[in-house]
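**Student:** Structure provided below as structure tokens; questions to follow.
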Amino acid sequence: MSKVSNGGGDSKNTLYCSFCGKSQHEVRKLIAGPTVFICDECVELCMDIIREENKSSMVKSREGVPTPQEIMAVLDDYVIGQKDAKRVLSVAVHNHYKRLAHQSKNSDIELAKSNILLVGPTGCGKTYLAQTLARIIDVPFIMADATTLTEAGYVGEDVENIILKLLQAADYNVERAQRGIVYIDEVDKISRKSDNPSITRDVSGEGVQQALLKIMEGTVASVPPQGGRKHPQQEFLQVDTTNILFICGGAFASLDRIISARGEKTSIGFGATVKSVDERRIGEVFKELEPEDLLKFGLIPEFVGRLPVIATLEDLDVDALVQILTEPKNALVKQYQRLFDMENVELVFHDDALRAIANKVVEHKTGARGLRSIMEKILLDTMFELPTLEGVREVVISGDVVDGSARPLYIYAERQDEKGNVSA
């Protein structure tokens, strides 16, 4: 309990800290609570104790950092194929959070952060991989579109708004946000517009790369709580981006030609066999990616340097797309079967139907994200009619249905009339 003195002095009533006993004249600040007081020195001491407790609990939670094999196993449940990319990501994410867990240990060696670049054609699973990783580690996750970003002061979205979104995803818990994952999509669209510096400022290309450098490497970002542009009268939240893991992704159209051109220069001579770009799959070409190819594509050296871990993804063939339709825990076929099950109807896909769907996606070059739109188109009429039809117990989709030359087959349950006769 705080003490109050009625003795002499400058003041008739002297207040004392309830914890250390110092008077209000011996400390800078005395904070009042219901019948108690606490001085600024005790507040600082409490903060130090809490910080040390947080650090020690992070070190003790070593088991909380999944191993690369554990991360890979979960990725395998949701993402089909892309074995090499999943191995690279599993190791990189494990090392990143292991580094954070051991930060409080005294060491002369400072472990640098390794941000990740995902390179692969449209619809091969780049975004989905990043989302799944965030779920495994249980950290705040946000996606940003690089094409909407501009330098501060120009029309468009500020780079620091990315940090604001991450803070919102963490329910404004700054400590949690500082351990989150940011996925920046379409970074290939912010490449330098030309090799020659121009008088006109490139605010959505090289300018955005420059703006991203600081937050990717580590800086204390001043974030306006309500978003939007900064105002002098506004109070800012301070977020340290040093421990935020940045994963950048892009399709990098035409990068395969840059890689192949470099390969052709080193494959000249008797007996050298050089396949043209058209003879090789894009994913196969991407495996030969070197940082110099990204520089030629239009990324600036400093930006490439902030992305030391590069994972390349392959374009999906028909077999992989059929697997994506049926095998993952949340496979599209399983999702639609669940929807039909709500109507007490079984949805059946023939093998030739699944391959026909996959072939359409390969033909349109939309990747895995094109599967849902094709499924919706095939099942639209059935989903429209089904709630008003009585007695349907099964709907069968064949290859002809996918091609548009037939309608889905409806199989009705057998019904008995009053005399016991069975009718279809």
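The backbone N, Cα and C atoms fix where each Cβ goes, and this holds for glycine too.
Relevant sequence annotations retrieved from Swiss-Prot are reproduced here:
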type	residues	note
BINDING	C17, C20, C39, C42	Zn(2+) binding site
BINDING	P121, T122, G123, C124, G125, K126, T127, Y128	ATP binding site
DOMAIN	5-58	domain 'ClpX-type ZB'
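Buried or exposed, and what's around them? Tell me for each listed feature.
**Tutor:** The DSSP secondary structure for C20 (Zn(2+) binding site) is coil.
In the three-state DSSP reading, C124 (ATP binding site) counts as coil.
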**Student:** List the residues of the same chain that sit at least 6 positions away from C39 (Zn(2+) binding site) in sequence and have their Cβ under 8 Å from its Cβ, in sequence order, or write 'none'.
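**Tutor:** Set apart from C39 (Zn(2+) binding site) by at least 6 residues yet with Cβ under 8 Å, we have C17, F19, C20, K22, V27, R28, K29, L30, I31.
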